[in-house]
């Protein structure tokens, strides 16, 4: 019986990890579609498009739009399976609520995507900045909720691993800065997607650290650790929004946000070295 429960737990964690990873891929596909104008290829025919019977891509732009939708459909089914699982087998209420909240936001995300596609041609440069940022924000919140749920499912690792994750945050913010200050790729959409891949990976790391801090950080320093991590996450979000370049603002704004983000992550690394305690490995997260 215990062996059967262990197998179920393993499968459930795999489902959670795969769903979250595919959500990460889905966001990058959406950003690529938006940066190349693929979403506008379907115009007011959404949710259909411009190919045969309105169901198949007619060109490369609409191919990316349709592939984005195909992955979104897979993620949607996986999320429903995860939702069923957390309410049937998961004792941790916070995990239940996080997954439920992510799915509750999903319809708004879909509607905003439809508005972005259908109404895009009515605005300069193809997209309404407010709608685009709302669409981006809902995707970011969904991803953060799923990462939170996964981090709680696995629990906080040992102190050495937590410090290594903080070090990973430092590496990711450095990579993030490279794509802000240096046009690494000649193709701007490629450079943009590489930037967001590093940024969302960094967001996942920061959310995981916030989640694990409950058991991985000395109680006396918990508030300080969470405050620094939260500030870093907020600066990251601001930098990502500014990097969409939909407001006509000079590059100085996103560059400043990136520098402040690097300072916050550096401060987090110094703090983590002093206040992270041994949790005894994975699975030590409180389940209430």
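Numbers run from 1 along the shown chain.
Just so it is clear, glycine is given a Cβ too, placed from its N, Cα and C backbone atoms.
So that you can see what the record holds, here are the features copied from TrEMBL:
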TRANSMEM  12-31  transmembrane segment
TRANSMEM  66-87  transmembrane segment
TRANSMEM  99-123  transmembrane segment
TRANSMEM  129-150  transmembrane segment
TRANSMEM  162-181  transmembrane segment
TRANSMEM  193-211  transmembrane segment
TRANSMEM  223-240  transmembrane segment
TRANSMEM  252-272  transmembrane segment
I'd like to know if the transmembrane segment (162-181) touches the transmembrane segment (12-31) in this structure, counting it as a touch only when three or more C-beta pairs sit under 8 Å and are separated by 6 or more positions.
no
Thinking of Cβ pairs under 8 Å, which stretch from 162-181, 193-211, 223-240 has the most of them with the transmembrane segment (129-150)?
193-211
